[in-house]
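These features come from Swiss-Prot:
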- His246, His295, His296: Cu cation binding site (BINDING)
- Tyr250: O2 binding site (BINDING)
- His373, Asp374: Mg(2+) binding site (BINDING)
- His381: heme a3 binding site (BINDING)
- 21-41: transmembrane segment (TRANSMEM)
- 62-82: transmembrane segment (TRANSMEM)
- 105-125: transmembrane segment (TRANSMEM)
- 151-171: transmembrane segment (TRANSMEM)
- 189-209: transmembrane segment (TRANSMEM)
- 240-260: transmembrane segment (TRANSMEM)
- 272-292: transmembrane segment (TRANSMEM)
- 310-330: transmembrane segment (TRANSMEM)
- 343-363: transmembrane segment (TRANSMEM)
- 382-402: transmembrane segment (TRANSMEM)
- 417-437: transmembrane segment (TRANSMEM)
- 461-481: transmembrane segment (TRANSMEM)
Amino acid sequence: MFQRNTVYRWLFSTNAKDIGTLYLVFSIFAGMIGTAFSVLIRFELAGPGVQYLYGDHQLYNVIITAHAFIMIFFLVMPAMLGGFGNYFVPIMIGAPDMAFPRLNNISFWLLPPSLILLVGSAFVEQGAGTGWTVYPPLSSIGFHSGGSVDLAIFSLHLAGISSMLGSINFITTILNMRAPGMTMHKLPLFVWSILITAILLLLSLPVLAGAITMLLTDRNLNTTFYDPAGGGDPVLYQHLFWFFGHPEVYIIIIPGFGIISQVISTFSRKPIFGYLGMVYAMASIGILGFIVWSHHMYTVGLDVDTRAYFTAATMIIAVPTGIKIFSWLATLYGGNILYRTPAYFALGFLFLFTIGGVTGVMLANASLDVALHDTYYVVAHFHYVLSMGAVFALFAGFYYWIGKITGKQYNEFWGQVHFWTMFIGVNVTFFPMHFLGLNGMPRRIPDYPDAFTQWNVISSFGSIISIVSTIVFLYGLYLTLSQPAVSLANNYWHVPSFFSSTHSLYGDTTQTSSSLEWVLPSPPAFHAFNHLPVQS
């Protein structure tokens, strides 16, 4: 009987917290696969010439393609949106569950088949060695003749459907299921970030679906959408892909903004500085994200006027981003800061995300980008905002909320060891890439001239440090989950909530908090609210 109940609970779950837990477990599993791929990349690049991959350039490209897809679609998005989003959005707005609980279930269960298809694509024929952009003509039937690219396309379709359904669910939930008195301008910033992200997904994913479906018919049904021989244009694919691809990078980072806002507010023991400005900054970033896509295509032969516009528009995004950075700093300023692991990750996020943003402003210049496009400078830039922005935000959220999710508090010592090893590791890995890029080392090539050896060796050494940090994290997770259940306080950070601009009442208790999750037990009951909470 136990077995059947367990199977029913986890396979057919309609409970947002259980589904959020499934997403988190899935993303940790996928993240380990993606990390393994990244280590293969760095080991191959540890020296010039052939190291590990038999001089097989196709295999190298299959690995970087899989690394990108897994890290984006199966680590960051499931963890932030699926994991923390499903777990905390209903709790934070005082809703009993998501609006469509069964839709929520299939949103999760579309992801494992998608991951299997993606990993499977690497094992048939020569693999999909296209890079995550899947540009034709390289991805066309002439240059990738097997079924690999088709499997990767189906994988993307499934992951896309999953995200779309999840987004519909989030938008409906946040707009319609808030507790009495919980107006939009009283929502926690994390809920706002999930709402904005869901809208971006809903608007951008259909364009990607159309682009890769046309690629599928080009490959299998002899259409010529991207083939000049039949009146098509491969640049059309680039426009369609990046119209999705650029909002996608904001889809990755905006939930991170939301997490960082919650964490910085708690550990500064102050309300966030400029709440409304933070909301409108996130919304502005979301809108601007849709009108800058061609900055990925400066080298493709666009009109000079077009390039001038995209340069200007891209730089405008730095303004709302700067508003967020300085509002976080203003929150910290004069705060009675509590130095715990989540706070370290949040401070690391601020510093490293800012570096990534500055290199982004450089790359926004069309004239300079002609020199830096497709070099390691670009790799350094987006790994600073992803590997040290999104992932640091993820870990901040993990250490911040793990006690709330499991009822067991993490080990502070190993948490801080994890932070410092990871902080050192990722910087040693990615900072030298700026120098390689400025010297013209191209991306996506497994071999390089001897002159580039020094920085590559340092970079590969950094990836070993990062691996150690990942092992420390997994050990800390093991320590957390294997300890006996402690009676963890509802508000276990003990941050006084009198400063909060949004006091929440639940029942006749006098507990109030900056957001509603801290008035519930740790872990919350299977059905969190027996009666409606009220927002004062």
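Cβ coordinates are placed from backbone N, Cα and C, and glycine is handled just like the others.
Structure coloured by features recorded in Swiss-Prot.
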{"residue": "His246", "record": "Cu cation binding site", "contacts (Cβ under 8 Å, 6+ apart)": "Gly289, Phe290, Val292, Trp293, His295, His296"}
{"residue": "Tyr250", "record": "O2 binding site", "contacts (Cβ under 8 Å, 6+ apart)": "Thr197, Leu200, Ile285, Gly286, Gly289"}
{"residue": "His373", "record": "Mg(2+) binding site", "contacts (Cβ under 8 Å, 6+ apart)": "Tyr298, Thr299"}
{"residue": "Asp374", "record": "Mg(2+) binding site", "contacts (Cβ under 8 Å, 6+ apart)": "Thr299, Pro442, Arg443, Arg444"}
{"residue": "His381", "record": "heme a3 binding site", "contacts (Cβ under 8 Å, 6+ apart)": "Gly356, Thr359, Gly360, Leu363"}
Contact set, same chain, for the transmembrane segment (151-171): CB under 8 Å, 6 or more residues outside the stretch:
65, 69, 73-74, 77, 81-82, 85, 89, 98-100, 103-104, 106-108, 110-111, 113-115, 117-118, 120-121, 124, 128, 130, 134, 194-195, 197-199, 201-202, 205-206, 208-209, 212-213, 215-216
Stretch in 105-125, 272-292, 382-402, 417-437 most in contact with the transmembrane segment (21-41), if contact is a CB pair under 8 A:
105-125
Pairs 6 or more apart in sequence, C-beta under 8 angstroms, 3 or more of them: is that satisfied by the transmembrane segment (417-437) and the transmembrane segment (343-363)?
yes
Let's check the environment of His295 (Cu cation binding site): how many other CB atoms sit within 10 Å of its CB?
23
Counting CB pairs under 8 Å, which listed stretch among 189-209, 240-260, 310-330, 343-363, 382-402 touches the transmembrane segment (272-292) the most?
310-330
Number of other Cβ atoms within 10 Å of the Cβ of His296 (Cu cation binding site) across all protein chains:
22
Would you mind listing the long-range same-chain contacts of the transmembrane segment (105-125), meaning Cβ under 8 Å and 6+ residues beyond its ends?
12-14, 19, 22-23, 26, 30, 33, 62, 66, 69-70, 73-74, 78, 82, 145-152, 154-156, 158-159, 161-163, 165-166, 169
So which residues does the transmembrane segment (189-209) touch in its own chain, when a touch means Cβ under 8 Å and the partner is 6 or more beyond its ends?
81, 84-85, 88-89, 92-93, 156-157, 160, 163-164, 166-168, 170-171, 174-175, 240-241, 243-245, 247-248, 250-251, 254-259, 261-262, 272, 275, 278-279, 282-283, 286, 289-290, 515
DSSP on His246 (Cu cation binding site), three-state: which is it?
helix
Would you mind listing the long-range same-chain contacts of the transmembrane segment (62-82), meaning Cβ under 8 Å and 6+ residues beyond its ends?
19-20, 23-24, 26-28, 30-31, 33-34, 37-38, 40-41, 53, 107-108, 111, 114-115, 118-119, 122, 126-132, 148, 152, 155-156, 159, 163, 166, 170, 194, 197-198, 248, 251-252, 255-256, 259, 386, 390-391, 393-394, 397, 444
Residues near the Cu cation site, His246, His295, His296 excluded, by Cβ within 8 Å of the Cβ center?
Trp242, Gly245, Val292, Trp293, Ser294, Met297, Phe310, Thr314
